[in-house]
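**Q** One structure is given below, represented as structure tokens, and several questions about it will come after.
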Amino acid sequence: MLPSRPLLHAGIFALVLLQALASDTFIAAVYEHAVILPDPTEKPVSRNDALALMNKNMDVLEGAIKEAAQQGAHIIVTPEDGIYGWQFTRESIYPYLEDIPDPVVNWIPCTDPLRFGPTPVQERLSCMARNNSIYVVANIGDKKLCNSSDPDCPSDGRYQYNTDVVFDSEGKLVARYHKYNLFRTETQFNYPKEPEAVTFDTPFGKFGIFTCFDILFYEPAVVLVSKMQVDTVLFPTAWMNVLPFLTAVEFHSAWATGMRVNLLSANTHNINFAMTGDGLFTPEGPVAYHYDSGTEEGRLLLGELSTRPHLSPSYPPAINWHLYATSIKKFPEDDTFSGTVRRDVFTFYELRHKAGNYTVCQGDLCCHLVYQMSDKRKNEVYVLGAFDGLHGSLIKYHWQICTLLKCKSTDLDTCGQPVETAQTKFEMFSLSGTFGTNYVFPEVLYSGVQLAPGEFEVLRDGRLKNKRGTSKPLITATLFGRLYEKDLPHPLRSSP
């Protein structure tokens with residue numbers, strides 16, 4: 001006689017739980033999803049039409065979730081906008097929204113779908129988690145009614161939030177997060193009145209969650225790691241790549257290294273919008289990552305991560321990011337020039353020789369570089385660059401950046417323009433800066449937009465160094481510093 005489904009499910013869950021408790025590692029998955037987009041419209045479609053589109057995307061996500069579970073994954077992260085896409089007005093997104101309750105209600109939508117009214121999207125996500133005994137992380141839209149007694153209540157009588165949800169392996173809603181730092185085009189959503197620091201405990205570590213643009217700001221990103229002491233951050237994103245510094249795999253890997261935490265980054269995939277790049281990133285570097293700007297296909301990644309990375313013998317020590325650079329005698333170069341990386345005006349110095357020892361300064365930041373090229377190619381130009389100032393057009397936040405950077409051509413006016421390929425390798429480089437912050441994120445990017453796991457290290461005195469000669473030609477080696485306390489007040493932190 002076969003066991004009943006409830007008993008079978010309970011047995012599978014108990015086995016997964018015991019395996020997780022017995023291990024210092026867990027299996028994580030992220031899925032880069034080629035989202036099926038709705039037809040652009042300013043008028044709302046019917047709820048049935050909206051649900052039909054969402055079910056098409058959830059069909060794809062369900063396949064990825066099943067595959068991840070079959071390969072032993074304990075948790076899977078899916079992308080921001082992964083269920084309904086983007087480019088909505090406030091009115092046209094409304095049919096895609098559901099009322100998402102606070103997780104304190106102890107709710108399993110799969111077994112009690114009508115407890116909070118019609119919630120077919122939450123029901124299906126819950127059942128995906130429950131039927132596959134896996135934690136499922138997804139991004140959907142939340143709606144909350146308000147009235148005239150609330151002075152911030154929008155004129156249409158509701159708040160709308162870009163929202164992450166987490167369902168555990170029983171299908172229970174265990175986390176809900178409302179995105180706090182909306183990108184400038186997200187006018188369909190409201191800003192939460194206060195930033196949320198959302199965490200939850202599992203048998204395989206303490207998790208925190210935030211969304212896309214949030215990663216660049218103190219709240220909630222730094223708060224979760226520095227104050228809430230999470231082991232792993234879940235990161236649904238719809239990241240538009242911006243070379244040379246803000247490519248998804250490059251910056252997300254750098255952030256995980258700088259913050260010394262696991263980051264599970266799941267991106268949407270749309271090459272027309274330059275969206276690609278996801279990965280499983282750790283304090284020691286990427287366990288797995290994917291960058292594909294040539295096809296329209298999604299991609300599932302799995303990897304084994306430490307449940308509590310700070311207890312690992314290989315956990316990186318704390319870095320004094322300005323110690324080395326402030327200890328050396330500076331010789332700022334006389335023949336520097338200005339170059340623009342998007343709207344940011346850098347101070348650059350051309351590396352004219354095969355080897356050198358140079359310093360370039362801007363504002364309070366001086367960047368120091370020692371290097372040796374394997375072969376100085378006449379058709380490629382590299383520069384040492386420094387930037388100390390506000391970045392961003394509407395929402396402005398303060399960067400300090402030191403970079404060894406390949407220019408697009410031998411014309412110095414192209415320095416800072418996007419570059420994806422290079423031919424020059426380096427026998428050695430050492431990059432450091434007089435940073436005014438402890439929040440510095442290091443990364444090396446190779447030709448073809450490839451990372452360099454295991455090939456560089458950060459010394460405790462703040463030097464980014466390659467361990468051996470670079471195995472591939474170099475696009476950039478960069479230290480990204482964030483001075484959160486110098487950010488300008490947010491101009492849009494109010495309800496429309």
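Note: Cβ is positioned from N, Cα and C throughout, glycine not excepted.
So TrEMBL has the following annotated:
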type	residues	note
ACT_SITE	Glu80	active site, proton acceptor
ACT_SITE	Lys179	active site, proton donor
ACT_SITE	Cys212	active site, nucleophile
DOMAIN	31-307	domain 'CN hydrolase'
SIGNAL	1-22	signal peptide
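Situate these features within the shown structure.
**A** The Cβ of Glu80 (active site, proton acceptor) lies under 8 Å from the Cβ of Asn139, Asn162, Asp164, Thr211, Cys212, Pro236, Thr237, Ala238, Thr268, each on the same chain and at least six residues away in sequence.
The Cβ of Lys179 (active site, proton donor) has 25 neighbouring Cβ atoms from other residues within 10 Å, across all protein chains displayed.
If you draw a 10 Å sphere around the CB of Cys212 (active site, nucleophile), it holds 26 other CB atoms from the protein chains shown.
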